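What TrEMBL annotates here:
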type     : residues : note
DOMAIN   : 48-151   : domain 'Peptidase M50'
DOMAIN   : 159-221  : domain 'Peptidase M50'
TRANSMEM : 21-40    : transmembrane segment
TRANSMEM : 46-67    : transmembrane segment
TRANSMEM : 88-111   : transmembrane segment
TRANSMEM : 131-150  : transmembrane segment
TRANSMEM : 162-184  : transmembrane segment
TRANSMEM : 204-226  : transmembrane segment
């Protein structure tokens, strides 16, 4: 946590005083909201832990795929570790905590992207594809593991009061996987499609990189992001329910 705070301070060291004051107020309100939420509903802490675990494995998967394809950048940077502090992104961590604490219906978060030097990949086409899709596959695998636990360990989960935790593990990883497949930079979907597409397709995605994040924010702001995710989410839930039953 100390390293996380240091990094947050470093990233905002050049920010105006007024901006730092606003950050302080937001952090204070967030802390008060979190304490209240954890006291009233302790499961909130479990949800945050599952989310951090899921986005961390998502990023580690990218790094492992890159390493297996010839790029040691993530490994050399110490990012192939299960230490969550190495992967926490200030905004990507605070935003979902705030959303969970305030009871938002749609929660999303992200870890600090692992560094990847695509020039080092042995196969420029399939290497990029494998690195890009690795995180999404990891989220879907986690959701499948949760469904398998329901299928074979249902009574045990019920007795140990783990039903809600495993349900959340499934839900959040389905959302993370589908969300990251949206073909808008910097999401993984844009790299997946560009790696398989023509040079013209690559140019289109490259031209979107400077403002893709703002498109995602706009979609979320107007409530359209969940409209995109939900049909695929419902389909995935039906498939997992069929598997469980």
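Backbone N, Cα and C define each Cβ position, glycine as well.
Sorting each residue of the domain 'Peptidase M50' (48-151) by its DSSP state yields 71 helix, 2 strand, 31 coil. Break the domain 'Peptidase M50' (159-221) down by DSSP state and the numbers are 48 helix, 0 strand, 15 coil.
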